[in-house]
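Novice: Just passing along the structure, written as structure tokens.
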Amino acid sequence: MSLINLTSITKHYEMGSQVVKALDGIDITVNKNDYLAFIGSSGSGKSTMLNILGCLDKPTSGQYHLNGKNVEILDQNELSEIRNLEIGFIFQSFNLLPRANALNNVMQPLIYRSIGFRQRKEMAMDALSRVGLGDRVDHLPNQLSGGQRQRVAIARALVTHPSILLADEPTGNLDSKTTVEIMQLFDELHKEGHTLIVVTHENEIAQHCHRIVEMKDGRIFNDSATEKATLGVAV
Amino acid sequence: MFFAFLESSRSALAAIFANRLRSFLTTLGIIIGVASVIAVVSVTGGMSAFIGDSFASLGANSLTIQSYTPFEDLMKGIRSRLTPADLELIEKRGEGIASITPILAANRSSQIKYGSQTAYSEIMGTTYTYQDVSQTYTEVGRFLAQSDNQTRRRIAVIGEDVRENLNLPENPINEYVEFSGEWFKIVGLLEPMGDIMGQSRDNLVLVPYATMVSILGNQARTDIGIQLSLTPTAEPDAVISQLTNLLRNAHDLSSNEDDDFRIQTAEQLMEQFDQILGTLTMVIGGIVSISLLVGGIGIMNIMLVSVTERTREIGICKAIGAKSHHILMQFLIEALLLSLLGGLVGLATGYGLGMVIANNIPDFPSASVPLWAAGLALGFSAFVGVLFGILPAAKAANLDPIDALRYE
Ligand SMILES: Nc1ncnc2c1ncn2[C@@H]1O[C@H](COP(=O)(O)OP(=O)(O)O)[C@@H](O)[C@H]1O
Ligand SMILES: [Mg+2]
């Protein structure tokens, strides 16, 4: 069974008399352990796409099945639960809680699962070590570099063991060296069995992935496997 | 749920302390409200006990007679009076009376002179029994004697403030002071009694009652107060009704007219005082409610600001799985803790204030805050916090995650 199944998804914004079709009829299937990049120029609908996949936003029309569940009929609180259980978000601007240190930021999603402090801390420490930040757990976000902040955000996404990791331009605010490190981390996570969807407009980043979906004006324009995928199959 | 609650409290405290000054200013309304109610409660608690002691010194077996003017008459300029003639009548015809102490006050503040010095003081005519009735004793010299009254001697017993204000020697006995154009020889200096409610009790001149009557004789408007102590076998109620009849006849009151005087036992006086205290407490309670209301609106205002400021944070929390009730609780707990902390600061401030007030009044028992008052004050603060926190918290809880995340 596919992890994600979209049929005829549209998202329209009414701007006065004009209708902006941010998504204009999307059909796509994503399977377990896919490593997928959405690419396309600015304004092509990539972020809108990711927000709908992450159940942050609701489509104007169309069906969305996540893990076999119809997401359409869920209310806000049920969507919160889905985001908490199934989805790990990684944002371009990191979106860490500014007054909480790295550890507390990573523990935050577990609070909504009513997990006790001890276990929360243990899980968060594991996730932080996984991204190589085991020694920075008591730093506040503004005491960390951009790359370190993104690692905290990745740890926060990983800590809940989600079925899917969604990253919207995760390296958009990072220098090239840090970008490579973060992408290597993504490659490792994929090898460990995670499902990753990355939004980017940089080709080098997309080349890390095994499948590239090109978007234009709210439509899917091309959907193809990369060399990596064929290499992976060959091995 | 429980962990979320703990976690909310922790991060609420962090938020409150991150904006220390703002939190303090926000809770000022609650701090002032709680501080004033606690100060008043802690002082009036002591005051009731203090007044109780004072009245107890009058003895259970004593009566006070004073003129009484209904409010409507007061507005028309009519004043009821008790006259020296009434005193004489009671002396002659009253039954069951052990001693009578008249108190005849000159106009509240009279000029008094010694050499070239001038001062203002309360001058009262009374008799030797006043000493026991008001627990006022001399430090130097003697008190008024019975014979002073019979012979209308021009003598005076003065309080410490009068001695000081007139630059009289440490031992003022046998010095002469002048008031109302008459010379009085000082025979006694009273023990200092200190202040009550900022009012000195030592600025006082006592002269024999009969002397005072003769000085004020030309002024028809004298109004005296009378203290009676009863014989051990007398029934207070019986004495009251007998005296009432006596005075009603003397004042020519017809049966449909009310008494123009009041005869009260020490107990009744105390009840009356408690009533005044109760009214005072209610008035202050009203003021406090208003300041709590204002404080609550302040909290609501700052919580609304806080929700706006933290819109993005709210969006982040929702994106990683916070449900509406998590956010609601977060902000509600913050408002609750904010007002509770305000309540605690107010409690401490009010208690400190009460202590300062009580310590500045001699013979006053130290201020104490009854547990119920502390509990009530904190309960009220919490209630205000929750009441005024609901609106901002609901606003936060209902934010759409995607809009909140986009908020700049
Ligand atoms: N909240 C919104 N209101 C109106 N228009 C929007 C909104 N969000 C996105 N859009 C429009 O939808 C289109 C797609 O946006 P987006 O998904 O952010 O593109 P991308 O991430 O590929 O740059 C753009 O034309 C954008 O202006
Ligand atoms: Mg975008």
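Any Cβ shown, glycine's included, is placed from N, Cα and C.
Here TrEMBL flags B:23-245 as domain 'MacB-like periplasmic core'. As annotated by TrEMBL, domain 'ABC3 transporter permease C-terminal' applies to B:287-401. Marked as transmembrane segment by TrEMBL: B:21-41, B:280-307, B:327-351, B:371-391.
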Novice: Report, as numbers and ranges, every residue of the chain located at least six residues beyond the transmembrane segment (B:327-351) whose Cβ falls under 8 Å of a Cβ in that stretch; write 'none' if there are none.
Specialist: 4-5, 8-9, 11-13, 15-16, 23, 26-39, 41-42, 295-296, 299-300, 302-303, 306-307, 314, 317-318, 367, 369, 374, 377-378, 380-382, 384-386, 388-390, 392-394, 396-397, 399
Novice: Hey, which bits of the same chain come close to the transmembrane segment (B:21-41), Cβ under 8 Å, at least six residues off its ends?
Specialist: 280-281, 284-285, 287-289, 291-292, 294-299, 301-302, 338-339, 341-343, 345-347, 349-351, 353-354, 357, 369-370, 373-374, 377-378, 380-381, 384
Novice: Mind checking which residues of the chain, 6+ beyond the ends of the transmembrane segment (B:371-391), have their Cβ under 8 Å from one of its Cβ atoms?
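Specialist: Distant Cβ neighbours of the transmembrane segment (B:371-391) are 30, 34, 37-38, 41-42, 292-293, 295-297, 299-300, 303-304, 331-332, 334-340, 342-344, 346-347, 350.
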Novice: List, by number or range, the same-chain residues at least 6 past the transmembrane segment (B:280-307) whose CB is under 8 A from its CB atoms?
Specialist: 15, 22, 26-34, 36-37, 40-41, 44, 314, 331, 334-335, 338-339, 342, 380-381, 384-385, 387-389, 391-393, 395-396
Novice: Can you count helix, strand and coil residues in the domain 'ABC3 transporter permease C-terminal' (B:287-401) using DSSP?
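Specialist: When I sort the residues of the domain 'ABC3 transporter permease C-terminal' (B:287-401) into the three classes, I find 96 helix, 0 strand, 19 coil.
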